[in-house]
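One structure is given here, and the rest of the page talks about it.
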C-alpha cells in the first residue's frame, strides 16, 4: 500500500523550472531513497512535501495516508505525521536534550511544564534511538552524531508516520553514519516509513528498498533496490544527460607551472582533532582552468579559504609556490599581493558590501590602486569602475548604483571586477555561477576563458559537473578533505567523477 | 529598482528624475537640515529672539563643543559596527587627571594636555584591544569601562571638586581668538550697521564666516561639475542652490553673531578643524573607506584583505583621544573637575550620531550628519532651558526626538525597499 504518492509535481521559480512533473511513490513501511546531483530538485520536492512551499504554489497532487494532502505550512504536515530532519540541525544548543525534544510541544498543563513526564518520555525515546545520555545533558555537549539521534527522537515524539532525512550522514564520521543507518533499519522493523536523501550511494544501497532518481527536476527512474542494485546503475541515471552548447568555444594551451600547493593540511577551527583537509597537493599552469569537483562538504571551499590568507581553519601546514617561489599566504592581504584572488562562494554575505555602490565594491580589495598616499582619487576610482563595467558588461545605469539592487549575475560580475582589479596571477573561483541564470552563466564562462587566454591560472570549484566538464582543462576530484583523483578533460566524464567520489 | 535590470547602457542621461522623486530618495539629508532650521526658528520665536542673540550663539557653541568633539569619534566607532558607552566617564576621568596634575601637582599646562591626550589614547586602546582581538562585544567592554573610569575619577578626586585652573588652561574652552584685522575696520562697520550696543565688530570672525561659506559653495560646485562629467545622479539645480544658500547664509549669520560678541571662540576653531579633518578622513582616505566596508560587511571586508581587527582597535583608540580632548575642554569650561563630570554624557553623544543618520548595524553615517545631529540636540537643550522648561520635560522631549529620527530612518529605508 502506498503511504505517499506525489503525482506530476511541478514547481517554477522566477526564471527556473525547478521541478517538472516529478512522481514519487513511497510504500508503507519501506525506506525510500531519493538521489540526484546538487540542484537536481530533491530539496525542492521535500519542501513541497513538508509544506514549506504551501499548497497552491506548485502543480500536481499529493496523496498521503489515503487522503489528498494540501499542506499550508510545516505544522500542517507535522500534524499529519510527516517529519523532516534537515541537513543543518534545528536544535537549540543551549537547551537540554529533553527540552529540545519537546520544544514547541511541551508536556505542560496551562503553561506549567511537567518535568517528570517530560524526562520519562525522553528516556523512552532515547532508548528507542539507542542514545545513552541523560535527558538533562545540554545538546551543545554531545557530538553531531548524537545530535542527529536527538533529532530523530524528537521526530518520534510526534507520532511520526513518514520520516524524511535530508543528507543525514553528511557531517558524520564513518561509524556514526553506520549507527544511524542501522537505526533507520530498526525503525523500519518497528513500522516507520522513511525517505532518505543522500549522495552516498553505498549508504543508499545499504538501507533503501526503493530508489527514485531525480535529474534536472524530473524523475528519471524508480529502481527496486531489494533485488540488489549496482552503484553504476544509479550513477548513470543521476548524470546521464547530453551536453549541449552551454559553454563558449575555447582553445587553450597551458604554459608554465604557475601555482603549486603541496601537502596542505587543515584542521577544523573549533573541533580540535578533526582534520578537514588531508595532505592535498595540486598545481595550476598559466592559462589553464583547473576544476575541483566534489560534493557539498567535501572540503573544497575550506581548501580554497585556507590557502587564501588562512581564512579558514587552524594548524594549517603545507607550502604554496607561485612561479617556483614559495609565497607567504598567511594573511589575506599577503595572499592578494602575492597574486592570488579568491572569489567567494556566497557573494551576498562574503563578497559584497551590499549597501554600497558598484564603485565602492570594485576598488575595495585594491584601494592602493586608486589612491596616492592613502588619499583616494575618486575620479580614478570612477574610471576603474567604468572600465570594468564595460569589460564585464555589468548591466546598470551607473557605477553609483548600490549593489543590492543588481541581479545575481551582475552582482557576481562586480565581485569578479573587484578581484580582477587586484591583478591576480591565480584566481580561485568558488561556485562562480551559483544561483544565476543561464545567459549570465555563459557570460561568466566567457570571462573565465578570457582570463585563461591572458595567461592567468584559474581554479574553479563547482558542484555542477557539466560546468566543470565544459570549462576545465583538468579536474581534481575531492572527497572528505582529500583529493581522490585527477582527470584530464578528454578522460573526464560525470560517471568517472561520480564513481571516484562514491568509491572512496 | 528596475533600473538595474535594463539591458541598455545609458551612462550620462539618468538625471531626469523628477524633483519629487529626488526629494523622496534623499529625504534624510534634507530632513535633518530642515529639522535644524525648524527647531531654531521655533525657539527663536518662542524665546523672543533670545536664542540667536550674539551671547547665546556663542554659548551654544561652547556648551556643545565637547559633545561634538566626541561625536566625531563616536561616528567612526558606530560606522565600524560598534558602540562606546564609556566616553562620558573617560571624559570625566581625564578632566580629573588634568585637575590633579595642574592644581595638585603643579605640572605645566602643555605637559598636562599632552599627557591627558596620551592617557585617553591608552584607555581607548585598552578597550579596543578586547573588542578587536578578543571579539568581546563593545557594548560590554565599554559598559565595564564606563563603571571603571567613573570609579577612577572618584578615587582620583577623592570625592572632591578640584579647581580652579590657571588662566592659560581656561582659555582652552573660554578663550577667543584675537582679531587680526585693524580695530578701526570693525568700528566703522559697527557704525555703518548702526549697532549701538556693540563697540566694534570682530572682523576676523566675519571674514572667516564669509571665507568658509565661499569654500563650501566652491567645493559643492566643483563636486557638481565632476558628477556631471561622470553622469552621476545630480541634485536638481533648485535643491543645490537652495541648500548651498541656506548653509552659506547660516554660516555667515552665525559668524556675524559671534563677531558682535567676542569673536571666534578657541573651541570653535578646534571643533571646526577637527570636523574638517574627520570628514576628510572618512570620505576620502583609504582608512575611512575601509571603516565603512568593515561596518557594512565585516566578512567581505576581511576577505578583501582589510585588517578588520586593527581598524576596530584604531577606532577605539581614536575615540579615547577625542574623549580626552573633550574632557580637557569640559574641565576648562567649568574651571573645575568634579567627580560627576560627564555623567550620562555618552548618551547625548550617541543620540547625536544616530539623529545624524548613522545606523546601529554599522556601515552608514557621516561626520557632517553627526555634527548637525549634535547641534540639533544642543539647540533643543538650549532653547528649552531659555524657555524655562523643566529638566523632566527636557529629557522626555529629547528622548522622543531621538526615537522619531530613527523611526524616520527606518521608515525611509523600508519605503525605498
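Glycine too: its Cβ is placed from the backbone N, Cα and C atoms.
Noted in TrEMBL for the protein shown:
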- B:30-47: transmembrane segment (TRANSMEM)
- B:59-78: transmembrane segment (TRANSMEM)
- B:85-105: transmembrane segment (TRANSMEM)
- B:111-132: transmembrane segment (TRANSMEM)
- B:139-157: transmembrane segment (TRANSMEM)
- B:201-221: transmembrane segment (TRANSMEM)
- B:241-258: transmembrane segment (TRANSMEM)
- B:264-281: transmembrane segment (TRANSMEM)
- B:311-332: transmembrane segment (TRANSMEM)
- B:352-380: transmembrane segment (TRANSMEM)
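With respect to Cβ pairs under 8 Å, the transmembrane segment (B:59-78) is most closely packed against B:311-332, considering the stretches B:139-157, B:201-221, B:311-332.
Among the recorded stretches B:111-132, B:241-258, B:311-332, the one sharing the largest number of Cβ pairs closer than 8 Å with the transmembrane segment (B:85-105) is B:311-332. In terms of C-beta pairs under 8 Å, the stretch of B:111-132, B:139-157, B:201-221, B:264-281, B:311-332 lying closest in packing to the transmembrane segment (B:241-258) is B:201-221. Across the candidate stretches B:111-132, B:139-157, B:201-221, the maximum count of CB pairs under 8 A to the transmembrane segment (B:311-332) is reached by B:111-132. Within the chain, the transmembrane segment (B:201-221) has long-range Cβ neighbours (under 8 A, six or more residues past its boundaries) at 177-182, 185-186, 189-190, 193, 195, 240, 244, 247-249, 251-256, 258-264, 272.
Counted over residue pairs 6 or more apart, the CB atoms of the transmembrane segment (B:139-157) and the transmembrane segment (B:111-132) come under 8 Å in at least three pairs, which marks the two as touching.
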